[in-house]
Amino acid sequence: MSEVLVLIDALEGKVTKPSLELLTIARRIGEPSAVVFGDADTGVLSEYGAEKIYTFDDAAYSEFLVAPKADGVTQLVKDKNPAAVLVPSTTEGKEVAARVALRTESGLITDAVDVTVDGGTITTTQSVFAGNFTVAAQVTKGTPIIAVKPNSAAPEQAAGAGAVEAVSAEVAESSKTAKITSNKPKETSGRPELTEAAIVVSGGRGTGGDFSDVEALADALGAAVGASRAAVDSGWYPHTFQVGQTGKTVSPQLYIANGISGAIQHRAGMQTSKTIVAVNKDEEAPIFELVDFGVVGDLKQVLPQATEEIKKRKG
Amino acid sequence: MTKIVVAVKYVPDATADRTFEADNTVDRENVDGLLSELDEYAVEQALQVVEAGEGEVTVLTVGPADAADAVRKALQMGADSGVHVEDDAIAGSDAFATSLVLAKAIEKLEYDMVFFGMASTDGSMGVVPTLVAERLGLPAVTYASEVSVDGDTVTIRRDSDAATQEIEASGKVVVSVTDQTGEARYPSFKGIMAAKKKPVEEWTLADLGIDASEVGLDNAWTKVESYTPRPPRTAGEIVTDEGDGGTKLVEFLASKKFV
C-alpha cells in the first residue's frame, strides 16, 4: 500500500482532534505517514494508525509563516511519491497545501467534508454556496492534495508502527521572509473548540451584549459558544467565535441559535448542522425557516429555564 | 510613493440563488454579480495606506465582461486606475491558473505591494494570495486583522484561534486582509463621478504572454464531478414561550438524546 502524508497540527505538543480525523481518513487511501513540524505526541499518532512519523525540527518553522513548512512537505512529496497529502483545512494548512501543490504541479481541493476512495480514485465532498449545494470533486493532476475540515470523520484508533524518522530539510532563504515577531497564545475558555464541537450554542443581537445565559446553557450541554456577526461587530464577543460566511463554518450535531435572526451571512456558517434549534423574540425571524425546533420568546427567560432543566435531568 | 495593486474578484451575489452551469462551473451569467464583499476590505486598506502618505492604488481583476463592474466599484471607492484581464480562454480556470494570470498581470505593473481579500465569497478557498506570492517569489503576510505600513515594511496583526501574532515583511509584499480590518467606505457621489474618468486598461492572455493551454476549465488540476442541492429542511416545530419555553426546549433535546 502506498503512503499518505498527513500534516499534523499540534498545540504545545498535543495533537488536535482534526489531525486524528485526518489519520482515520488517510487509512481509506493507504498507509498514513504523519508529518510533524516541531513537537507532537508521537504515541497518539501511532495509536491512530500512523505507520511512519516524519519529524522536522528547525527554528524557522515557528519563526516564519508557512513557506518553510511548504519546503519540508514539498521535499517529502518528491521523495516519497505519496498517494495523497491530507492537511487540516485551516488557514495554515491551506496555505502550506497551496504552495506544495503549485511546486509539485498537483491539484488541490480545500474545505472537504468527506473523502471516499473507489478503485484507487479519491473523491471529495465539499459544501458550497453557504451550504446550499454539495459538490463531488477529484484531483486530475499530480498528487491529490486535500484540505479536510474538522468533524469530517470520527477518529478511530488503529495501531500503527509509528516509526519515527527525523527529516532534515533545507529551508530556503527565500522562505524566511514573513517573520513572526510576536506570538501571544490566547487564553483557553475551557470549552470545546468551536469547529470541532458536537454542540454549539450561539448568541446574537438578541442577547443585548450579555452572553451569560448563552454560556451557561453551553456549559450545561458541554457545548462550544458561537456568536453572530452582529454580536461580534458590536464588540460583545471576540471575532474568533463568529459563525458565518466571514467567520467559522460549523456543522455540529446540534446548533442552538439564540437571539440570531438568521441572515444569509450567518446561515452560511451553520446551516449544514444536523439538528437546529432557535430561540428568538421575533416569530418572523428567518432562522425559524431552518429549525427542527423553535421557541418564540425572550432568551433571558427561556435559556435559564432550559439550563436549570438540563441540570435537574443530569442530576 | 507607495504603489499598491489590489486584486479583486467579481462574484455572484451571495444573497442571490447561486447555482452551477451544465459543465459544473459556477453560473456567472444568470446570477447578478458584484465586487466580492471581502475584497472591499482590501481596497479600503490600500486606500488608507496611500492616504496616510503618498501613493497610487491600481485595482486588478480577471473575469468576464461583467467583471468591469467590480473594477468600477473600486474606482468609485477611490482607487486611481484599473486593469481588467478578460479572455474567453480563462473561463473555468482553477486557483492555479487564476494565480498565473494575476501574477503575470502584476509583473506588468509597477508596484510595491499587492493587497487581496482573505478569500472570495464564491470559491472561498483563500489560497490565491499565497499562490500569487509563491509565483512572484514574494513574502506573503496573510489574514491580517490590522495592517500597518512603515516605508517598505508591512506589519500585520493576525488573530487566529490559538494566538494573536504580529508578522512582518519587507520589500515587495503580498498582503491579504480579513473583514476585521475595518468597515469599507461607500463610494461618495463625487467618487462615482470621478470614477468615470479614471483609466481602465483591458488586457488579454496574449498581452500577458500566457498560452490558452495554461488556463481554463480543460486545463484545471481538479474536476468537479457533480453537484447536488441540499435537500430542503422539513418544517420544524415552533412553540411560543408561555412560561415553559425552556422546559419544552429541553424536552425536544431529550427526545433527540442530546440530554
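Even glycines carry a Cβ here, placed using N, Cα and C.
Nobody curates TrEMBL annotations by hand; they come from automatic prediction.
Here the structure is a predicted model, which means the values were calculated and not measured.
The C-beta environment of A:Ala263 (FAD binding site), restricted to residues of the same chain at least 6 apart in sequence and closer than 8 Å, consists of A:Ser228, A:Arg229, A:Pro286. A:Ala263 (FAD binding site) carries neither a helix nor a strand DSSP state and counts as coil. Per TrEMBL, FAD binding site is recorded for A:Arg205, A:228-229, A:242-246, A:259-266, A:Asn280.
The average pLDDT computed over the domain 'Electron transfer flavoprotein alpha/beta-subunit N-terminal' (A:4-179) stands at 96. Residues or ranges marked as domain 'Electron transfer flavoprotein alpha/beta-subunit N-terminal' in TrEMBL: A:4-179.
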Winner by Cβ contact number (other Cβ atoms within 10 Å) across the binding-site residues A:Gln242, A:Gln245: A:Gln242
Listed binding-site residues (A:Gln242, A:Gln245, A:Ala263, A:His266) that sit near chain B [CB under 8 A]: A:Gln245
Among A:Arg205, A:His266 [binding-site residues], residue with fewest other Cβ within 10 Å: A:Arg205
Neighbouring C-beta atoms (10 Å sphere around the C-beta of A:Ile260 (FAD binding site)): 31
